[in-house]
């Protein structure tokens, strides 16, 4: 049997841009994508800490070192600039994989730059 488990999380990232007329997606600073091992085009779940909104879209790469967290298309309606977000990915795992797996939890500073990983 497989279970859907948390694979990665970027915790408390601040929304820096919103573009309702862009085709969709969430732009994420390339440094954060790498740290969390989130791939371009991968489905992501977003949780808005400020208003409780929960929605899904896919990741696109933002400029490295920019601190970018941009919500595009319909997702732009789900948050305001400055809102804090939790960005997660999930994946199927067997009980054997779960026994030894630890999700990647990425922390950011006030400018959305990489600040460390959960130990």
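Note that the numbers count up from 1, one per residue, in the order the chain is shown.
Each Cβ is built from the backbone N, Cα and C atoms, and glycine gets one as well.
According to Swiss-Prot, the feature active site, schiff-base intermediate with substrate maps to 25. Within its own chain, residue 25 (active site, schiff-base intermediate with substrate) has 57, 58, 59, 60, 72, 73, 75 as residues 6 or more apart in sequence whose C-beta sits under 8 angstroms from its own.
Taken from Swiss-Prot, the feature active site, proton donor covers 58. Residue environment of residue 58 (active site, proton donor) contains 15 other Cβ atoms, counted within 10 Å of its Cβ in all protein chains. The DSSP secondary structure for residue 58 (active site, proton donor) is strand.
Residues annotated as substrate binding site in Swiss-Prot, with sequence analysis given as evidence: 57, 73, 74, 75. Every protein chain considered, the tally of other Cβ atoms within 10 Å of the Cβ of residue 57 (substrate binding site) stands at 19.
The secondary structure of residue 25 (active site, schiff-base intermediate with substrate), as reduced to three states from DSSP, is extended strand. Marked as pyruvic acid (Ser) by Swiss-Prot: 25.
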Cβ-based isolation winner (fewest other Cβ atoms within 10 Å) among the binding-site residues 73, 74, 75: 74
DSSP state at residue 73 (substrate binding site), helix/strand/coil: helix
